[in-house]
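Trainee: Questions regarding the structure given below will be posed in turn.
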Amino acid sequence: MVFSPHVIFLDKPITVDPFEEFRPGHVMSCVRRLRKRTKSQELVYQEQCKIVAYENGKRIGLEGDPDLQFLLKGGDLLKVKSRSWRKTRFFRLNDDCKTMWQQTSKTFKSDSGFSLEDIDSVRYGRQTEGLRKYTDLSVEDRCFSIIFKSRRKNVDLIASSKEEAKRWVSGLEKVITGMQNLNRQQNTEHWIYNCMRKADKNADNKMSLKELKHFLRQINIEVDDSYAEMLFKKCDRSQSGTLEGSEIKHFYDLLTYRDEIDVIYAKYASTNGQMSSGDLLDFLQYEQREPVSSEYVQKLIEKYEVDEIAKQNKCMSKDGFLMYMNHEEGSIFNPVHKGIYQDMRQPLNHYFISSSHNTYLMEDQLKGPSSTEAYIKALMKSCRCVELDCWDGANGEPVIYHGHTLTSKVLFKDVIKAIKEYAFKTSQYPVILSLENHCSVEQQKIMAHHLTSILGSALLTQPLGYQMPTTFPGPEELKGRFLIKGKRLNKLDATFNNNTTEDEDSVSEEDEAAELKEAEQKPKEKSSNKIKLAKELSDMVIYCKSVHFSTFEHSRDNHNFYEMASFKESKAMNLAENSATAFIHHNMDKLSRIYPAGSRTDSSNYNPVPLWNAGCQIVALNFQTPCKEMELNQGRFLPNGKCGYMLKPEFQRDPASQFDPKNLSVGPWLQKKTLHVMIISAQQLPKINKDKQKSIVDPLVRVEIYGVPADNASKQTHHIENNGFNPTWNTDFQFTVHVPELALVRFVVEDYDAASHNDLVGLYTLPFTSMQNGYRHVPLLTKRGSLIPSAGLFVHIMALDG
């Protein structure tokens with residue numbers, strides 16, 4: 001189907017077969033001729049690994065860097081697991097510069113270690129619960145920890161000196177940063193190089209036929225022996241029985257050739273086989289639908305062209321074009337939305353706010369561990385509302401845990417210290433501390449003391465301005481501040497008219513989310529209707545006073561803007577389903593917090609989309625659980641600098657709006673789009689079953705739309721057998737999207753299995769309004785939201801009016 005004369009449609013897979021004697025339909029794309037490689041494309045197949053950083057297309061090597069050499073040499077470190085378990089272990093960076101090798105308890109195993117890609121951060125000092133608990137302050141400057149993205153336990157280490165500890169930390173951070181700065185093309189080279197190293201069993205920098213077959217399995221391709229032999233003989237020009245030097249580079253060229261990119265480039269390269277600045281402008285304006293200028297085009301050439309002669313002629317070569325396509329300008333995600341681009345001075349309740357439920361839990365709701373680490377992980381994902389379930393603890397110190405369960409306990413003051421340290425590392429916008437208060441008055445006073453002494457001036461203890469506010473301040477005004485959500489003994493205007501209250505008083509507990517959750521867990525037990533509240537804690541509640549919700553009319557007539565309700569999942573879903581317009585108007589004036597049902601003891605999550613459709617701001621999810629719902633949350637908050645705040649559409653903020661997600665009458669929300677998605681190909685999909693060398697992915701791609709009920713849809717491609725390296729589909733989908741401002745688009749790649757559930761390979765979710773038209777690369781993430789560096793989809797996107 002042709003949508004525009006400017007769009008290229010690949011109606012069937014392109015096959016380029018320069019070797020006529022080869023069998024037809026082979027799985028690898030091959031180049032018509034051996035191309036002369038530019039410096040930027042030189043294969044990183046060297047005797048020793050060279051970590052590289054790139055700046056404006058130029059490669060800067062770290063191969064002589066002393067920190068890198070220190071890591072490659074390695075050294076002894078004291079590994080700490082408890083007070084009694086401390087063992088010296090040898091650690092070093094492997095020659096691939098992507099994995100760490102560590103000594104095991106008894107023997108030296110070649111596969112013992114971990115990938116640097118799995119590291120979330122490296123922390124200097126006693127910055128984990130383990131080191132604080134099991135080591136003394138005297139070794140503070142010799143300690144460091146390796147924190148992983150998954151549930152893998154932290155590695156807590158002690159070096160022999162302060163200088164050595166700092167060198168480990170700085171070296172690891174430097175290499176990890178270098179890896180993160182690689183673009184898709186560079187990641188591909190690095191990944192293929194590592195696979196080649198693994199296939200080179202005898203480390204002679206040559207590749208035998210047996211090693212070539214092993215390498216093809218490493219990169220997720222299954223070919224028959226006869227084809228592998230033909231390919232090998234074609235590349236073995238010296239007829240030596242091994243591939244080396246230029247022969248390996250030839251093989252690499254054949255392997256990484258992107259015929260779909262060639263077709264696109266050839267259509268516009270009308271100036272001596274290259275794209276002139278005018279050709280590139282045509283491509284960007286007509287194919288990519290970008291309203292750009294000639295000046296912008298020239299900047300792209302300066303930034304990405306790797307051939308100096310082409311750059312002088314104001315042209316873009318095929319290599320430069322591929323470099324451009326593999327950077328953020330060629331991504332499906334609009335780079336304009338990468339930073340803060342929304343108005344951040346609207347009232348706080350005009351934003352969706354990334355929010356966590358039972359933030360302290362690392363696993364399930366019944367017996368899993370509670371940890372400050374869970375708060376750190378949530379905050380580093382730009383979560384802006386965290387929950388603290390507070391209970392009386394031993395020695396007069398309040399603790400946080402899931403009450404009436406076997407979950408472990410963590411000190412309230414340790415949690416506040418962790419929050420203080422990490423709250424604003426990824427986002428400067430305000431953090432809401434949602435308190436579930438089960439403490440006695442005495443320990444509430446201790447809580448108040450810890451909040452004021454640890455958070456200091458960052459804790460908001462009075463309204464902004466000099467008179468009683470009538471609406472919320474905006475995120476911009478509250479930058480770097482902490483807001484307390486909880487019970488308050490009196491109205492907010494008491495802070496201006498010097499009204500006094502007793503040092504403690506009773507408040508109704510019937511509206512607390514905490515009490516509702518307890519009722520779900522222990523329905524036969526009755527809880528008291530009143531709890532004592534300390535004035536010191538009460539006075540800290542400014543813009544987020546917890547109140548009971550009865551009806552929308554009651555809230556409108558009796559509650560101030562700063563008084564907010566918490567809704568359990570079932571109640572909120574019912575209101576969103578049957579009273580959506582009223583719920584939306586309620587959220588135009590006030591904040592609403594939604595939390596998962598108490599029956600979700602496995603820490604599963606509910607679908608947040610219907611609640612966002614109803615304008616709910618604080619839709620709290622279990623951040624510790626990788627699932628579709630958390631992926632949608634990550635996609636919702638991907639734009640706007642990943643700051644944890646997304647401005648709601650105008651029709652969810654305008655009091656005159658009558659928007660109803662279920663009944664889409666004519667209004668400003670109705671901006672009907674026809675979305676065409678062509679899934680063209682994928683590149684370097686990871687192996688799912690890494691334990692089985694002969695296991696090859698059979699990938700399929702599914703495209704899903706989440707939004708108002710009329711927009712929800714899902715379509716998928718056929719699966720391709722035994723090719724995770726460069727599968728090609730050229731499958732076109734069409735979707736109708738009525739309310740694009742609320743729609744999310746999700747790409748899912750799965751390994752097809754006829755006998756059981758498909759396994760996830762990778763995924764990516766983004767708002768409809770943050771997609772770019774044209775030919776785009778789609779990055780892929782793991783189920784926990786980490787980037788798979790070398791993998792991606794290549795698609796064509798076209799969103800048309802009507």
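Each residue, glycine too, has its Cβ placed from N, Cα and C.
Pulled these features from TrEMBL for this protein:
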DOMAIN    70-177  domain 'PH'
BINDING   79-106, K485, K487, S566, R593  substrate binding site
DOMAIN    187-222  domain 'EF-hand'
CARBOHYD  S238  O-linked glycosylation site
ACT_SITE  H357  active site
BINDING   N358, E387, D389, E436  Ca(2+) 3 binding site
ACT_SITE  H402  active site
DOMAIN    537-653  domain 'PI-PLC Y-box'
DOMAIN    653-782  domain 'C2'
BINDING   I696, D698, N722  Ca(2+) 4 binding site
BINDING   D751, Y752, D753  Ca(2+) 5 binding site
Trainee: Identify which of the binding-site residues K79, K87, K485 has its Cβ surrounded by the largest number of other Cβ atoms within 10 Å, counting every protein chain shown.
Mentor: K485
Trainee: Which of these binding-site residues is closest to H402 (active site) if you go by CA atoms: R83, D95, N358, E387, D751?
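Mentor: With Cα distances computed to H402 (active site), the winner among R83, D95, N358, E387, D751 is N358.
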Trainee: Which whole-number value in Å describes the distance between the Cα atoms of D751 (Ca(2+) 5 binding site) and F91 (substrate binding site)?
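Mentor: A Cα-Cα distance of 35 Å.
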Trainee: Relative to the Cα of D753 (Ca(2+) 5 binding site), which of the binding-site residues K87, E387, D698, N722 have a Cα no more than 10 Å away?
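Mentor: So the list reads D698.
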Trainee: Have a look at the recorded positions (T99, Q103, S238, N358, N722) and report the one with the fewest Cβ neighbours inside 10 Å.
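Mentor: Each of the recorded positions T99, Q103, S238, N358, N722 was scored; lowest Cβ tally within 10 Å is S238.
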Trainee: Write out the long-range same-chain contacts of Y752 (Ca(2+) 5 binding site), meaning residues 6 or more apart in sequence whose Cβ is under 8 Å from its Cβ.
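Mentor: Non-local contacts for Y752 (Ca(2+) 5 binding site): D698, P699, L700, H719, N758.
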Trainee: Select one residue from E436, D698, D751: among these binding-site residues, choose the one with the most other Cβ atoms within 10 Å of its Cβ.
Mentor: E436
Trainee: Indicate the candidate from R83, H357, H402 with the smallest number of other Cβ atoms within 10 Å of its Cβ, considering only these recorded positions.
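Mentor: Minimum Cβ neighbour count within 10 Å, taken over the recorded positions R83, H357, H402, occurs at R83.
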Trainee: Do you know the DSSP helix, strand and coil residue counts for the domain 'EF-hand' (187-222)?
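Mentor: With helix first, then strand, then coil, the domain 'EF-hand' (187-222) has 23 helix, 2 strand, 11 coil.
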Trainee: Cα-Cα separation of K485 (substrate binding site) and E436 (Ca(2+) 3 binding site), in Å?
Mentor: 9
Trainee: Round to a whole number and give the Cα-to-Cα distance in Å for the pair F91 (substrate binding site) and D389 (Ca(2+) 3 binding site).
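Mentor: One finds 39 Å between the Cα atoms of these residues.
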Trainee: At the Cα level, what's the spacing in Å between H357 (active site) and E387 (Ca(2+) 3 binding site), rounded?
Mentor: 6
Trainee: Could you check which of the recorded positions (S238, D389, E436, I696) sits closest to K87 (substrate binding site), going Cα to Cα?
Mentor: D389
Trainee: Under 8 Å between C-beta atoms and at least six apart in sequence, can you list the same-chain neighbours of E387 (Ca(2+) 3 binding site), or say none if there are none?
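Mentor: Listed in sequence order, they are S356, H357, N358, T359, Y360, S434, E436, Y595, A620.
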